[in-house]
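Chemist: Below you will find the structure I want to go over with you.
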Amino acid sequence: MASRDPSERSPLLGGRSEPPVPAGSVFSGRGLACAAVLLSELLERVAFYGITSNLVLFLNGQIFGWEGTQASQALLLFMGITYLVSPFAGWLADALLGRFYVILGSMVLYLLGMLLFPMVSYSGTRTAFCGDIQWAQIENCSRSNASSDDTCPEPSRRYCAPALFLGLIIVGLGVGSVKANITPFGADQVKDRGPEATRRFFNWFYWSINLGAIISLGGVAYVQQNVEFLIGYIIPAVCIGVSFLVFLCGKTVFVTKPADGSAFTDMVKILAYFCCSRKHTRENTRNIQNNQHRHKQSRLDMAKASHGGPFREDKVEDVKALVKIIPVFLALIPYWTVYFQMQTTYVLQSLHLRIPQIFNNNHTLPAAWLTMFDAVLILILIPLKDKLVDPFLKKRGLLPSPLKRIAVGMFFVMCSVLAAGILESERLEIVKRDKIQQQIGNVTYYAANLTVWWQLPQYILIGISEIFASIAGLEFAYSAAPKSMQSVIMGLFFFFSGIGSFVGSGLLALVSIPQIGWMSNHSDLGNINGCTLNYYFFLLAAVQAATLLLFLIISVKYERQQSKTYRRL
């Protein structure tokens with residue numbers, strides 16, 4: 001039976017056959033297309049971080065009055081949705097619409113969801129979406145002059161939850177669809193220039209992501225916390241609108257390809273055949289053994305037409321490549337669980353540390369600015385990595401593989417959450433004897449008299465982990481993908497990231513139940529002074545440490561398999 005070109009199944013990076021391209025010419029003739037992709041992604045990230053950077057503060061404020069754990073869970077659920085939708089968006093692009101039109105349509109959906117947040121921020125339209133707030137008497141409200149007659153929103157009820165979750169879901173669907181397709185779409189612009197061009201594109205793609213994060217965290221988050229959330233949500237809505245226009249105008253210079261069928265559908269059929277045909281395993285395995293030469297074949301080979309199955313050789317080989325990659329993605333779940341703490345529990349911790357005033361006595365340092373240090377570090381280090389470190393290591397044959405870089409990233413993210421746990425232990429001791437009140441976003445927080453700058457180590461460590469794990473993860477997902485499964489495998493990479501976010505939300509809910517009680521404190525909305533958040537951080541560090549050991553085993557096994565494959569080519 002005829003099959004496709006073998007290059008359709010070979011990895012896109014790291015192959016032996018592609019001629020080297022001079023470093024100065026890798027983007028020649030494709031600069032405008034790459035610039036349009038990078039600018040669109042930059043603006044999209046401004047919009048994304050405009051939602052996520054202060055969502056905990058927004059929901060925990062006076063208007064909505066959600067508890068700190070409830071606000072953190074909402075953000076973790078939102079992050080999970082944005083990543084879980086990625087494989088399905090990849091399938092839609094491959095099977096029906098093509099990447100360009102899926103990205104374009106996703107940005108429209110993104111914009112519709114973004115428009116809901118200014119509407120619920122504005123008092124004139126909030127009631128139409130949320131109804132009237134229900135008030136109930138509780139004790140110990142977050143006010144310095146609280147009395148038994150004071151009323152606050154009932155902590156068990158989340159005001160405006162249906163409208164807010166609807167907006168988060170719509171935005172999440174848009175974000176996830178863009179995320180799954182814009183990365184491989186951007187790489188498509190330079191993939192014919194060789195692996196060096198693709199590697200450098202991913203470096204600059206990630207650089208653009210973090211520049212967008214800095215713009216959003218530095219400007220939008222400041223406006224939200226110190227000026228008004230209404231203006232702070234209009235800005236990201238405008239940014240996603242401009243991103244849509246930039247991407248639309250780039251159609252004339254983009255390298256695009258039409259939908260040519262989804263390998264995701266073939267993958268499901270082949271795996272279903274394999275699982276439902278186990279009764280034929282012995283006979284097919286015997287046939288495989290008779291046809292073996294020098295290397296061991298997979299049991300999935302029984303699905304091939306040459307072994308009595310109904311599927312083409314190349315399609316089965318694609319699925320075999322996917323099966324080898326899945327364990328790596330599974331091992332990354334705890335990494336993402338820790339990574340997403342940066343915008344949730346890390347922010348809760350910062351709200352209960354002493355935050356300095358800036359510019360005037362009415363403006364305070366935005367809690368989200370700590371996240372900006374992570375992005376600034378990446379902006380500085382990625383160009384150094386791209387221009388100096390990587391070429392230096394490559395000339396000497398010392399450039400680590402993507403899997404080795406991911407392992408290093410896991411180590412640094414473990415150190416980050418461990419540092420957060422140590423800081424939280426110290427904060428809980430200090431707040432007992434030296435408590436201060438501070439006004440943040442029109443809400444009074446009771447904080448330890450310990451400067452928020454002590455959080456810098458955990459943010460720096462998580463930034464270093466991104467340079468190793470996140471960039472290498474994107475590169476691995478793209479390089480390990482046969483050409484027919486680029487969007488599928490890239491989507492699965494983000495899918496497992498979403499699972500990591502849901503795991504974090506689930507763990508937070510678990511440690512909040514009264515039987516455990518680490519985060520069970522309903523007496524003060526958003527207050528973590530009566531909680532043991534440090535235990536949660538130490539739990540995450542322990543899980544990541546165990547997973548790092550498992551990942552090292554998986555990565556060594558995978559690289560050995562790849563080495564054998566290259567020797568056979």
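The chain as shown is numbered from 1 upward.
Quick reminder: no glycine exception, Cβ is built from N, Cα and C everywhere.
The region 'Disordered' annotation in Swiss-Prot covers 1-20. Swiss-Prot lists 46-66, 73-93, 100-120, 160-180, 201-221, 229-249, 322-342, 364-384, 406-426, 460-480, 488-508, 536-556 with the feature transmembrane segment.
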Chemist: The transmembrane segment (364-384): which same-chain residues, six or more beyond its ends, come within Cβ distance under 8 Å?
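Modeler: Same-chain residues near the transmembrane segment (364-384) but 6 or more away: 53-54, 57, 203-204, 206-207, 210-211, 213-214, 217-218, 221-222, 224-226, 342-343, 346-347, 350-351, 355-358, 438-440, 452, 455-456, 459-460, 462-464, 466-467, 471.
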Chemist: Find the member of 73-93, 460-480, 488-508 that has more C-beta pairs under 8 Å to the transmembrane segment (536-556) than any other listed stretch.
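Modeler: Comparing 73-93, 460-480, 488-508: 488-508 has the most Cβ pairs near the transmembrane segment (536-556).
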Chemist: Is it true that the transmembrane segment (488-508) and the transmembrane segment (322-342) have 3 or more CB pairs under 8 Å, sequence gap of 6 or more?
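Modeler: Judged by the Cβ rule, the two regions touch, with the required three close pairs present.
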Chemist: List, by number or range, the same-chain residues at least 6 past the transmembrane segment (322-342) whose CB is under 8 A from its CB atoms?
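Modeler: Same-chain residues near the transmembrane segment (322-342) but 6 or more away: 76, 79, 267, 298, 300, 371, 374, 403, 406, 409-410, 413-414, 416-417, 420, 459, 462, 465-466, 469-470, 473, 476-477, 480-481, 485, 488-489, 492-493, 495-501, 503-504, 507, 537, 540-541, 543-544, 547, 550-551, 554-555, 558, 561.
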